[in-house]
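Here is the structure we will look at, set down as C-alpha cells.
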Amino acid sequence: QTQQRKKKVVLSLLKIRNKMTTFGYLCSLILMCILVSSNAQLQQNFYAKSCPKAEKIILEYVHKHIPNAPSLAAALIRMHFHDCFVRGCDASVLLNFTSSSGSQTEKVGIPNLTLRGFSFIDDIKKIIEAECPGVVSCADIISLVARDSIVVIGGPFWNVPTGRRDGTISIASETLSDIPSPFSNFSTLQNDFAKKGLDLKDLVLLSGAHTIGVSLCTSFSNRLYNFTGTFGTQDPSLDSEYAANLKAKKCKTINDNTTIVEMDPGSFKTFDLSYYKLLLKRRGLFQSDAALTTSTTTKTYINQLVAGSLKEFYVEFAQSMEKMGRIEVKTGSTGEIRKHCAVVNS
C-alpha cells in the first residue's frame, strides 16, 4: 500500500509538472505571437501585391525633382519628424482645417508654420492614386519621400517598412506640447523624446539632420539679443565670435523674421559630421543644439561620432530614423487611406 501511495503521488506530481510545462509553453507562445505581431505591424514592401509600383513611382519623382531643389530634402525630413511627434507617423500634419473638424489643424500650429513640401507630397499622391486608387497611405508617402530625398542628395539610406494608415484627427495646439522646440533645454528634450520611445542616443542622432537645411532668425535670435529676458543679453554658451558674426551679417535685429541662416554653415547641403564638430566648438545654432553638450551622456555620443567615420554615423542615423518612423503608427483597420492628403475621406 505504501508503494502504491508513493506511485500515485509521483504520478500526480508528473501530471502537475506536465500541465505547468504546457502552460509555460503556451505562455511563451502567446508572448512570442504578441511580439511578432507588434513588430509585423509594418513590413518591407507592404504594397508588393496591392500596388507593386508605388515605391518606384515615389523614388522616380524624388530623383526627378529634388536635384533641382536640394534644400527641399531638409524640409521633407523635417516634415516627417514633425508628423511622427504628433499622434504618431499618420500624416496628420498634412490635414487642412475644415468646418466639420471644428479645430485648427497641425499645419497651422506654431512649430509647423515654416514647414515646406506639402505640394510635393500632394503631387506624388495624385500619381499614386492614378496607379492604385485608395491603397497607399499619405503617411507612408511622407516616410518614403523623406528617406529617398536624403539619399538623392548623398545622405544615408534607411529601411522604411510600410503599412502605416492615415489619421483622421489633427489639432494645432498639440504641436506645441509634442514637437521638440529649438528653445528647449536638455531635460525638456530628454522628456520629449522619451514620451515617443526614443532615447538619448536617438536624440543626438536625429538632431544630426541639422547638418542640412536652413532656419529663420526667429528660431534663435533670443540667444543673440534677449537671452535672459533683458534686452542686450547674449547666451554665454554660444561662441562669441560666431554670435558676433550672426549679428553683423545675418540677424541684424531681434525682429528679423525673413533672413535665412544655414544650420551647418559652409556645409549645409552635405549630410556629414560637420554639425557635431560645430557643437563641440559651441557653434550650434539653436538652444536645443547647445543643450546636447550639457549632458555627459549626449556629449560622449557626440565625441564618439566625431571620432568615428561618416559610414558609422550613417548606420546609426539609419537605425534611429527607422525607430522614429514606427512611432505610434496606425495599422490594420485603424485610421484610413486618404484619397487626398489634405482632407479626411468623406
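Placement of Cβ uses the backbone N, Cα and C atoms for every residue, glycine included.
Annotations in TrEMBL come from automatic prediction, not curation.
Positions annotated as active site, proton acceptor by TrEMBL: HIS82. Just so you know, the Cβ of HIS82 (active site, proton acceptor) picks up 22 other Cβ atoms within 10 Å once every protein chain is counted.
The Ca(2+) 1 binding site annotation in TrEMBL covers ASP83, VAL86, GLY88, ASP90, SER92, GLU106. Under a cutoff of 8 A between CB atoms, and with a sequence separation of 6+ in the same chain, the neighbours of GLU106 (Ca(2+) 1 binding site) are HIS82, ASP83, VAL86, SER92, VAL93, LEU95, ASN112, SER170, ILE171, ALA172, GLU174, THR175.
Contacts of PRO180 (substrate binding site) defined by a Cβ separation under 8 A and a same-chain sequence distance of 6+ are given as PHE85, THR188, LEU189, ASP192, PHE193, SER288, in order along the sequence. Sequence annotations record features per position, and here TrEMBL assigns substrate binding site to PRO180.
The annotation heme b binding site is assigned in TrEMBL to HIS210. Cβ neighbours of HIS210 (heme b binding site) (same chain, under 8 Å, six or more residues apart in sequence): MET263, ASP264, TYR275, GLY284, LEU285, PHE286, ASP289.
Among the features that TrEMBL reports, Ca(2+) 2 binding site is placed at THR211, ASP264, ASP272. Packing around THR211 (Ca(2+) 2 binding site) is summarised by its Cβ count: 24 other Cβ atoms lie within 10 angstroms of its Cβ, all protein chains included.
Annotated disulfide bond per TrEMBL: CYS51-CYS132 (among others), in sequence order. Close to CYS132 (disulfide bond) in the fold, though at least 6 residues off in sequence, lie TYR47, SER50, CYS51, LYS53, ALA54, each with a CB less than 8 Å from its CB.
Taken from TrEMBL, the feature disulfide bond applies to CYS84-CYS89 (among others). Neighbours of CYS84 (disulfide bond), defined as other CB atoms within 10 A of its CB across all chains, total 29.
Neighbours of CYS341 (disulfide bond), defined as other CB atoms within 10 A of its CB across all chains, total 23. Summarising the annotation, TrEMBL assigns disulfide bond to CYS138-CYS341 (among others).
What TrEMBL lists as disulfide bond is CYS217-CYS251 (among others). Shown in sequence order, CYS217, PHE220, SER221, LEU224, THR259, VAL261 are the residues of the chain, 6+ apart in sequence, with a C-beta less than 8 angstroms from the C-beta of CYS251 (disulfide bond).
What TrEMBL records for 41-345 is domain 'Plant heme peroxidase family profile'.
Positions annotated as site 'Transition state stabilizer' by TrEMBL: ARG78. Around the Cβ of ARG78 (site 'Transition state stabilizer'), 21 further Cβ atoms fall within 10 Å across all displayed protein chains.
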Completion exercise
Cα of CYS341 (disulfide bond) to Cα of GLY88 (Ca(2+) 1 binding site), in Å and rounded, measures 16
Handout entry: For VAL86 (Ca(2+) 1 binding site), the number of other Cβ atoms found within 10 Å of its own Cβ
Key = 27
Exercise for the section: Count, for each of the disulfide-bonded residues CYS51, CYS89, CYS138, CYS217, the other C-beta atoms lying within 10 angstroms of its own C-beta, and report the residue with the smallest count. Expected result: CYS51
Fill in the blank from the handout: Residues near GLY88 (Ca(2+) 1 binding site) by Cβ (under 8 Å) yet at least 6 apart in sequence within the same chain, in sequence order, are GLY167, ILE327, GLU328, VAL329, LYS330
